Structure formats: C-alpha cells, structure tokens
Amino acid sequence: MITLKNSMQIEKMRVAGKMLYDVLGELRAAIRPGVTTLHLDSLAHKLITSMGAQPTFLGVKGLYTPYPYTLCCSVDDMIVHGFPNDQPLKEGQILSIDCGLMYQGWQSDSAFTVGIGEIDDAKRQLIEVTEQCFWRAFKVACVGNRLGDIANAVQTHAEAHGYGVIRDMCGHGIGREMHEDPSVPNFGRAGHGLKLRHGMTIAIEPMIAMGDWHGTLDSNGWGFRTADHSACSHYEHTIAILDEGPQVLSMPEAEVQKALEGVS
C-alpha cells in the first residue's frame, strides 16, 4: 500500500535528508587510497548517532543474517550491499557508498559512487552517466506521469551509452519505513505503470554496469555483483513528488539546481 505524505511529514523527511547529506559529505571527504571501508563504516556510525539519528541498514533482516553494518560499500564489480572490510582502497578503483538513516521516525536514503584517486576515463564516464540517469528520471517524476516514465528515463540514457541497467535491484517508496511501496525499477516503458501522485516519496537509484546487466549473489546472502565482473556505479536520492514539481529531500535545493544544469 502506498502511503502519501502531507507537507509536515515531507519536511520531517527533509530534515533527515539534510542529516544524511552531511554524513555523506564527511564520508566523501575521507575517501582516498589506503583508507578502509571498515573505517568509513565506523565514521558513518559515529556521525549518525552523534546527530541523534539511527543507522537504518544496521540489523536489517537478510536472506541468512541481519545486515551487520551502517554502510553498504561496493567496490568495482559489486553492485550493492557490499560489506565494509579491512582491505585498503586502491588507486583506480571505484567505490559506491549507500547509507540510510532515521531521524524522529522518518527515513532518508542516498548513495553515490566515487573514484579512488585517479581513475580511467571509462570509469569516470560510467559514474557521470549514472548520475545523469538519476537526474533525467527526477525531471519526469511529476504528478500525472507514471513509474514507467522514471524507469524509461534511466534505461534509455544508460543504454544509449552502451551500459547495462541492473534489473534485479530497484528503487522504492520510503517514509516511516526504509522500504515502502511502490518498487521503482530502472527499466521499463514510458507511459506505463502506476500513476504518480502528490505526496508520494520514493528513492530513485540507478545501478548501471559497464557490461552486462546480470548479477550474482555472494555467499553471505548480501553482496550482489555483476556476473561478468564489469564495474558498476550507483547513485540515489530520496525525493518527494508534489503538485509543484519533484523535490530532492536528501540534497539542498541549491545543489539540486547545480546538478540539473545541462540535463536535457
């Protein structure tokens, strides 16, 4: 069941989103060759709890075991749900950080991918196109449009660059719970699917592979990586769909406007 949010509830989600934006900014500044993702996870947990918020991913029920960390840290061919570990990050890798938090009963979810030190042009373009996929999807997340319009915006832009759109993972509704209805796929037909309504809050999260879209699950029941071991990029924000147009709840509006510059 889809739960529509009123303006007061959306503002509470915006507060949680600003907290998450600040946490991810601190993490981004700490990422460099030689740093471990376990260190980043510890830093994220400290930052979130110091704000009076709770890390949402920690303890989430899984296929075999609850998720044991604050962050999902996915390196190179890992699509999502990579466990933080004590292996130092290496120059030329790419790292996706996915994080969720809850503040005063309201959730926010966001992810980004970044290069470790200097990366090659192919990985840099993958990251850029993945972010472009999000912003193209965001622009069509308007009242009266359909979920298929969001999905198709991601798919067409990614595939135009020869990339694979991950199909086994998708975005989701969000609010009191981290994962609510509806599911928000990254592939589909424009003009099809659920009609978007004022008050819907969703997480749009393109997951784009340099190679094929198929994935495979790690033995821990969490890590999900590309079957052909090609690099993958992930970008996500929590948004609200409103009569006056979509709004990003996990990024300040000034930064949203900068990101939208040049997005057709």
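Backbone N, Cα and C define each Cβ position, glycine as well.
A TrEMBL annotation is a machine prediction, not a hand-curated record.
Feature list (source: TrEMBL):
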BINDING   HIS81, HIS179  substrate binding site
BINDING   ASP98, ASP109, GLU236  divalent metal cation 1 binding site
BINDING   ASP109, HIS172, GLU205, GLU236  divalent metal cation 2 binding site
DOMAIN    11-240  domain 'Peptidase M24'
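Positions of the features from TrEMBL, shown on the structure.
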residue	record	DSSP class
HIS81	substrate binding site	coil
ASP98	divalent metal cation 1 binding site	strand
ASP109	divalent metal cation 1 binding site	strand
HIS172	divalent metal cation 2 binding site	strand
HIS179	substrate binding site	coil
GLU205	divalent metal cation 2 binding site	coil
GLU236	divalent metal cation 1 binding site	strand
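ASP109 (divalent metal cation 1 binding site) sits 10 Å from GLU205 (divalent metal cation 2 binding site), taking the Cα positions as reference. Close to GLU236 (divalent metal cation 1 binding site), meaning Cα to Cα within 10 A, are the following binding-site residues out of HIS81, HIS172, HIS179, GLU205: GLU205. In sequence order, the binding-site residues near HIS81 (substrate binding site) (Cα within 10 Å of its Cα) are ASP98, drawn from ASP98, HIS172, GLU205. The average pLDDT the prediction assigns to the domain 'Peptidase M24' (11-240) is 99. Residues CYS99, GLY100, SER110, ALA111, ALA203, GLU205, HIS234, HIS237, THR238 surround the recorded divalent metal cation 1 site, their Cβ atoms falling within 8 Å of the Cβ centroid of ASP98, ASP109, GLU236, which are themselves excluded. GLU205 (divalent metal cation 2 binding site) and ASP98 (divalent metal cation 1 binding site) are 10 Å apart (CA-CA, integer value). A sphere of 10 angstroms centred on the C-beta of HIS81 (substrate binding site) encloses 24 other C-beta atoms.
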